[in-house]
Amino acid sequence: MKKQNNLRSLAAQAVEQVVEQGQSLSNVLPPLQQKVADKDKALLQELCFGVLRTLSQLEWLINKLMSRPMTGKQRTVHYLIMVGFYQLLYTRVPPHAALAETVEGAVAIKRPQLKGLINGVLRQFQRQQETLLNEFATSDARFLHPGWLVKRLQNAYPTQWQHIIEANNQRPPMWLRVNRTHHTRDGWLGLLEDAGMKGYPHPDYPDAVRLETPAPVHALPGFAEGWVTVQDASAQGCAVFLAPQNGEHILDLCAAPGGKTTHILEVAPEADVLAVDIDEQRLSRVYDNLKRLGMKATVKQGDGRYPSQWCGEQQFDRILLDAPCSATGVIRRHPDIKWLRRDRDIAELAQLQAEILDAVWPRLKPGGTLVYATCSVLPEENRDQIKAFLQRTPDAALSETGTPDQPGQQNLPGGEEGDGFFYAKLIKK
């Protein structure tokens, strides 16, 4: 491999762009993966995700082993050392190879004069590893979450916060959604077994299958033909609660990348679906999903706060509002969220959610259903949000999900279950 495409240096650059520049890993990683051989793409992804998952531990180690931080143009070296720590702690990369490749990464980022420093810090860590890890185990950094988020989780879930944090720090399972217009779930599970893989049905969501071992999509029976879609079990709950029917006019708001749009159409193939999202670029994913599954929907770019701009005075039988949120329920799937979010974001997001709810409620027909959903675990975005909405909206009533005091259903992330998700099903009187 060319030195400028040193895997460790690319991982360091990716993490730096996330932490220092506030970019999401899903935007940063794909262009960097184009620079490495196919056989190395999985390792590059593992290094990026792993460093972001354990960032507070790696930062703590650097502070212990270095007298002053790397700044300015040398900042990438800070993250390169983190990549070295991560390999030594969490991967099967032989220690000598981890050291050699990480040190060589300094050349790729044009800092060859710092090879000795990187080598020295990593070797010092190896010598002191047991002592350092024992000390780390009693530090605040051990939770691998920013302090503000730990406090919010402790306040919201006094008996469950550690469970949530532990779940967030795990690798996520791979959930699939079987397209019921092509196969029954049991029928597709048989095809999966014929392909040498094993899957397990979800007890509550009728299309959901968890793979025993994650697999590339091209290995899944009928993926290209639209027989199956990658979608977390909890995300599949949205269409289950919405219960769309053929012939209905349905709005899927904040629809990108289209997983829920296509699920609605699998459940009700004759429904008239309008999929709206504010992000023009992400709408391309909606088109891609519709095309792969051979489905049709009207797709528009628009801001949920101003429905007259994208649907005139049209009203809908059902509305799915998958509201913009902190995404604190999907941290195990997107560990960069921990470092991209700020405490102040929560109040701003809650205000935006309230504005969208108030704007789209008049577009729901009397007797119609609105499902409000987030991939958050924070009450400000979920139960508190719906409680306030019910208080100010006399023609809204809760259905199926929770009680007026505790409205909605909150799923927490964990183990082999789905991601953290919240749903509230509202009926217009």
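Every residue, even glycine, has its Cβ placed from backbone N, Cα and C.
Feature annotation from Swiss-Prot assigns S-adenosyl-L-methionine binding site to Cys254, Ala255, Ala256, Pro257, Gly258, Gly259, Lys260, Asp277, Asp303, Asp322; the stated evidence is sequence analysis. The C-beta environment of Lys260 (S-adenosyl-L-methionine binding site), restricted to residues of the same chain at least 6 apart in sequence and closer than 8 Å, consists of Ala235, Cys238, Ala239, Asp252, Leu320, Asp322.
Sequence annotations record features per position, and here Swiss-Prot assigns active site, nucleophile to Cys375 based on sequence analysis. A sphere of 10 angstroms centred on the C-beta of Cys375 (active site, nucleophile) encloses 27 other C-beta atoms. Cys375 (active site, nucleophile) falls outside any helix or strand according to DSSP and counts as coil.
Listed by sequence, the residues of this chain that lie at least six past the ends of the region 'Disordered' (397-419) yet keep a Cβ under 8 A from its Cβ atoms are 157, 160, 163-164, 167-168, 170, 172-173, 175, 200, 202, 208, 210, 232-237, 241, 329-333, 369, 372, 375, 377, 382-383, 386-387, 390, 425-429. The region 'Disordered' annotation in Swiss-Prot covers 397-419.
If you look up Swiss-Prot, you'll see 400-412 marked as compositional bias 'Polar residues'.
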S-adenosyl-L-methionine binding residues Cys254, Ala255, Ala256, Pro257, Gly258, Gly259, Lys260, Asp277, Asp303, Asp322: largest Cα-Cα distance, in Å and rounded to whole number: 19
Secondary structure content of the compositional bias 'Polar residues' (400-412), with strand meaning DSSP E or B: 0 helix, 5 strand, 8 coil
Integer Å distance between the CA atoms belonging to Cys375 (active site, nucleophile) and Ala256 (S-adenosyl-L-methionine binding site): 14
Listed binding-site residues (Cys254, Ala256), ranked by Cβ neighbours within 10 Å, top entry: Ala256
Cys375 (active site, nucleophile) and Asp303 (S-adenosyl-L-methionine binding site), Cα-Cα, nearest whole angstrom: 19
Rounded Cα separation (Å) that holds between Cys375 (active site, nucleophile) and Gly258 (S-adenosyl-L-methionine binding site): 15
